[in-house]
Amino acid sequence: MNFGRGPSVVLNVGGTRYSFSREVLKDFPLRRVSRLHGCLSEQDVLEVCDDYDRERNEYFFDRHSEAFGFIMLYVRHGHLRFVPHMCELSFYNEMIYWGLEGSHLDYCCQRRLDDRMSETCTYYTAEEPNGGPEGKGRRPAGPEGRKWLERMRRTFEEPTSSVAAQVLATVSILFVIVSMVVLCASTLPEWRAPENRSVEEQSRYTAESVREPSGIIEAICIGWFTAECIVRFIVSKNKCEFVRRPLNIIDLLAITPYYISVLMTVFTGENSQLQRAGVTLRVLRMMRIFWVIKLARHFIGLQTLGLTLKRCYREMVMLLVFICVAMAIFSALSQLLENGLDLGTKNKDYASIPAACWWVIISMTTVGYGDMCPITVPGRILGGICVVSGIVLLALPITFIYHSFVQCYHELKFRSARYSRSLSAEFLN
């Protein structure tokens, strides 16, 4: 710990004192408490707690003492439950203050919280380190350059944080829509180059396509996306974390193919290998479809989907395991009943187990294209069992995914509401 004296520190939470050593605070499971370890001055300490006693080396938090006692039970034993006779939303507010999320609750308490939130339409989220839109009064006064960078970062990262952010998000959405319209229109027969062009004509067409209206629109869109990505990288706090974020990786996947295709066109020229490179160029250009995912930066629904998939990866893996096991069993049995046994009729569609896997997957998901189906009585009975099993197996993990989806939506919705209130205050000012 970089501030204070003595081998231990005291946390005073609503009148109840807890004593810890300095090293314990460094990796403390509660995010707000662990932030004390990096405080360099008393001003930094007061950003984390409500008051500080230098003589006793005691940090005071004006929070619910009984709720913190239950949170400390989670720190010691790994189980977090609601305080009896305490409002679920109030306890959840205490959890968010100390740096915990709804996923840390036991499953029964998670269901109670989801039901409570759905009934009251109340949303909570973690507090920003600098106080967020509602804690601007507590934000430390820093250099003008740092304030400017923070304002720029919020403008590009939070679409509802200010009027400028709203305008920027709207322009970005328009560029995505225009780029998608151009991409779809470029696949029309009237827009595509005739297939009977010679190699030299095809090379000349590829070089001149950049100067066509569609090529100009595409270049403008790419220029906007590139500039936006560069500015967001410059104003980001942690450059390594910026590169690791999924949405930023998607931005790079959407932008990079354009520059690769341009470089390939320039270096290929009239080379005889252009026909081979043309396939690569078409693949790279089609990767522009990733631009659609950029809309996730501006729509809560897509953000909720991504956050749910991130938190429910175990359930998703479990779902895939269920499907793979059932596919292996039913494909082997269907191949045996339809083609492996000498029953007088052999179904050529089930000549192998890999071929039968296609029938199993479309049957379990109740798609049923009808391109292949069993013709023997045992095979049809197996098909009915396969369909019913698919419905049951696919429905089992859905409950876990649903509760996580509701929780993610609550968190993101309240976060958006907080910045909307900040935007309304900006209009009033």
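Just so you know, glycine gets a Cβ as well, placed from its N, Cα and C.
Taken from TrEMBL, the feature domain 'BTB' covers 7-116. Per-residue pLDDT, averaged over the domain 'BTB' (7-116), rounds to 84.
The region 'Disordered' annotation in TrEMBL covers 124-144.
The transmembrane segment annotation in TrEMBL covers 163-188 (among others).
Annotation source TrEMBL lists transmembrane segment at 215-235 (among others).
Summarising the annotation, TrEMBL assigns transmembrane segment to 247-269 (among others).
Under the heading transmembrane segment, TrEMBL lists 289-309 (among others).
What TrEMBL lists as transmembrane segment is 316-337 (among others).
Residues annotated as transmembrane segment in TrEMBL: 349-369 (among others).
Residues annotated as transmembrane segment in TrEMBL: 381-405 (among others).
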At a C-beta cut-off of under 8 Å, are there same-chain residues at least 6 beyond the transmembrane segment (381-405) that contact it? List them, or none.
103, 110-111, 114, 304-305, 308, 311-312, 315-316, 318-319, 322-323, 326, 330, 333-334, 337, 360, 363-366, 373-374
Recorded stretch, among 215-235, 247-269, 289-309, 316-337, 349-369, maximising Cβ pairs under 8 Å relative to the transmembrane segment (163-188):
289-309
Other parts of the chain folded back onto the transmembrane segment (316-337), taken as Cβ under 8 Å at six or more residues beyond its ends:
309, 350-357, 359-361, 363-364, 374, 376, 378-379, 382-383, 385-386, 389-390, 393-394, 396-397, 401
With a Cβ cut-off under 8 Å, give me the same-chain residues at least six positions beyond the ends of the transmembrane segment (289-309) that come close to it.
159, 169, 172-173, 176, 179-180, 183, 221, 225, 246-247, 250-251, 253-254, 316, 401, 404-405, 408-409, 411-413, 416
